[in-house]
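Working notes, beginning with the structure itself.
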């Protein structure tokens, strides 16, 4: 099967599954709702309290922290579920070239997340700034166009990491048991430990969040662009592991 045919097949699988559609819809709902709710409730007050340290990029896209759940769910459903339900045999029979199989699956998954995240980023920015009064920003504000682009690229690259993990572990429960605690427990806790703060910034989710910032923090050891590169590096490592495993053991 050619790459084009494999892409078409993966597109049909990804868009026909009820669970993946719910995950993407959930991402939009959670990110927009949480970000807008925070901006409406404490946005102006927080901006006043922070003063010169106020970072509109962080506040505008605050909901991305909670959108991780939907990104993880989508990525794991798209990858590990085929192994869990033993449908991967048919996929590998149809696409004997393992590199094509991997490339098609990741390309379709990343493309769907990117499209969803890009629309969500713009809607979220418009919705949150409606409640910010004198502190409202827009795409013309220095740094906000870059932060908005990062709000689309960050979840996309995070999805690539999660897809790689799903393809390595080949089990939905195992993948979720690793990724959810990592992003919602281990990573936040490490960032609170004084001696580990700088190291924690190199974790996938924290590196991506650096890209949303307009102002550097003392614990940030790299800037926004490098943050996305670090996150992409995690994704590349996860996909390399998945590819090597596919070459040695199909299913």
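Every residue gets a Cβ built from N, Cα and C, even glycine.
Just so you know, TrEMBL annotations never went through curation; they're auto-generated.
Taken straight from TrEMBL:
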TRANSMEM  21-44  transmembrane segment
TRANSMEM  59-80  transmembrane segment
TRANSMEM  100-127  transmembrane segment
TRANSMEM  147-169  transmembrane segment
TRANSMEM  176-196  transmembrane segment
TRANSMEM  221-246  transmembrane segment
Touch test for the transmembrane segment (221-246) and the transmembrane segment (21-44), at least 3 Cβ pairs under 8 Å: no
Annotated stretches the transmembrane segment (176-196) and the transmembrane segment (21-44) touching (3 or more Cβ pairs under 8 Å): no
Winner by Cβ pairs under 8 Å against the transmembrane segment (59-80), considering only 21-44, 100-127, 147-169: 21-44
